[in-house]
Amino acid sequence: MARHIIILVAVFWFATAEASHCSINGLPLVRNISELPQENYGRSGLSHTTIAGSVLHGMKEIEVWLQTFAPGFRTPIHRHSCEEIFIVLKGQGTLYLTPSSHSKYPGNPQEFHIFPNSTFHIPVNDVHQVWNTGEQEDLQVLDVISRPPVKVFMYDDWSMPHTAAKLKFPYYWDEECYQTTSRKDEL
């Protein structure tokens with residue numbers, strides 16, 4: 001009997017280890033995104049799930065996120081050396097964007113209203129911020145980035161010099177797994 005329990009515990013432990021959230025081992029090929037856990041990574045008002053990613057899933061060219069912003073939540077003012085595409089699933093908000101330029105700081109951003117079924121892209125190194133300006137409803141987006149994992153430069157405000165922006169790498173949702181994942185840059 002004790003031997004059966006030990007075998008059962010060993011099988012359970014192996015299956016759990018194989019399905020680690022820092023690995024694709026044990027994950028089904030087809031998954032329901034509404035059943036994937038979302039976390040806020042210490043950022044109240046944000047729920048994030050990496051649907052397919054570099055650090056978590058071994059993706060090399062793109063990364064896909066599902067993000068939900070509570071009313072009033074906003075991303076930091078930031079830029080990154082990758083392209084980014086958003087698809088708004090629900091809610092409304094505002095995109096603030098300053099095109100990449102040769103000035104020393106971002107300057108006054110352009111404002112764009114975003115809404116369900118709208119899409120927008122952020123060019124490489126354009127400083128931007130997404131804000132749920134709705135009062136009642138969450139803003140939910142699918143977010144696709146190129147060249148993962150993302151290296152984010154954050155600004156305190158729109159007048160902060162580019163050279164003073166603070167690098168955040170690995171980013172919040174990559175921190176735990178980035179340390180445990182060996183990165184190979186070949187096919």
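Glycine too: its Cβ is placed from the backbone N, Cα and C atoms.
Residues annotated as signal peptide in Swiss-Prot: 1-20.
Other Cβ atoms within 10 Å of the Cβ of CYS177 (disulfide bond) number 20 in total over all chains. Under the heading disulfide bond, Swiss-Prot lists CYS22-CYS177, citing similarity to another entry as support.
Per Swiss-Prot, the feature Zn(2+) binding site maps to HIS78, HIS80, GLU84, HIS128. In the shown protein chains, 20 other C-beta atoms lie within 10 A of the C-beta of GLU84 (Zn(2+) binding site).
Sequence-distant contacts (6 or more apart, same chain, Cβ under 8 Å) of ASN117 (N-linked glycosylation site) comprise ILE87, VAL88. Summarising the annotation, Swiss-Prot assigns N-linked glycosylation site to ASN117.
For HIS128 (Zn(2+) binding site), the count of additional Cβ atoms within 10 Å of its Cβ stands at 24 [all protein chains shown].
Once Cβ contacts within 10 Å are tallied over all protein chains shown, the binding-site residues HIS78, HIS80 are led by HIS80. Taking the mean position of the Cβ atoms of HIS78, HIS80, GLU84, HIS128 as the Zn(2+) site, the remaining residues of that chain whose Cβ falls within 8 Å of it are THR75, ARG79, CYS82, ILE122, ASP126, VAL127, VAL152. A straight line from the CA of GLU84 (Zn(2+) binding site) to the CA of CYS177 (disulfide bond) spans 22 Å.
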